[in-house]
């Protein structure tokens, strides 16, 4: 039996089909993954993402410590509520995890992946020496994502006045505390929406209120096709300790300035830049019928070979799409081997759908 | 749980089979489509393909989640495939027992009888 979030029994009552995700028993879907996907793109839906870990960092040296620990620079955050996306690297420049960092009144709030929580904490603790920093793992909190064009409007109708006001004034990628709740305008779907971190004891009632108001629960299956359409990386698929952010469509998250900020992995990334970046993440679109899948081989004429990192059927585009790591030179066309046959694919920038609209 | 049509026979790999004249019509069970989730693509066998034995690979059903092989429940030759599944693969989810995938001319007409009957299949899937 895997780990369970506080909403486990509620998922079962709602008819969830379960899947193991990083050691957690999570809802895969509640009936139809494709319907749930459309629901989020066209209206809104709720996800239980309580398997992700919330880490609160405080202490007089929280800022310099995170500037050492992360490839992005928390020095860019100017005030409570601002957030950034960052990789946490090892000394070889490999990605230990990716996360969102919010500035809070007490320091910083980190939201890291489910399967990597123990590893992350071990890495953080191993690099803590000499810093006046405290890390608090907030396992008593639950996390719900409400995503879709109508998400903020509908949630605004279900919560108290203060929270409604906050929901309507939050800027994209901003997160603020309101009472016991932390409400952020972030997500993993390519749609507008919220992520709410709240006491586990309140999560079931709130989830129930949302379902009662006609908002559909959405499983991890649709979460995966939504993030794939949005071209977002999934730890363990596109990124892991074997790859650097420079080959992972994450160069924009590496803060090179100021030059004297010696974050972990910096030397390795600088050496990689000098040697030359050899590969990149691209999007693939299969024009014929079929489904692209992770680990299928990509062949680009006169350039070389690559590999699909995530592939599935795109419900929005009604065709198969994938993310793939290919040689830097790449091309507009490639071929993918599916069960021994080569299929032509179009190579595109790795973002297929945003705010309900096709980008390709 | 849906009822399992009593006139069908089943392979342990979750294909159903039905006698139609001297042919055997093959699809996937309701239990199989439920486990697969939303079907988005069906790779059909080619007409003329010969299955030397029951259990030979006959095609692939791809859901959003994963690709799953389908197998011929009997030895024989493919004589017809359901081309309508190209444009409407979701039919396998919506009406699994009305949506056939291929028809095979069995090498041995008695082979159908070797498959599970509805009660046996019901027991296999624990319903």
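Placement of Cβ uses the backbone N, Cα and C atoms for every residue, glycine included.
What TrEMBL says about a protein is an automatic prediction, not a curated fact.
Not measured: the values here are computed from a predicted model.
Annotation source TrEMBL lists substrate binding site at A:195. Residues or ranges marked as domain 'GCVT N-terminal' by TrEMBL: A:7-256. What TrEMBL records for A:280-353 is domain 'Aminomethyltransferase C-terminal'.
Each residue in the domain 'Aminomethyltransferase C-terminal' (A:280-353) gets a DSSP state, and the totals come to 0 helix, 46 strand, 28 coil. Sequence-distant contacts (6 or more apart, same chain, Cβ under 8 Å) of the residue listed as 'substrate binding site' comprise A:49, A:111, A:143, A:144, A:145, A:146, A:175, A:183, A:184, A:186, A:187. The domain 'GCVT N-terminal' (A:7-256) scores a mean pLDDT of 97 in the predicted structure.
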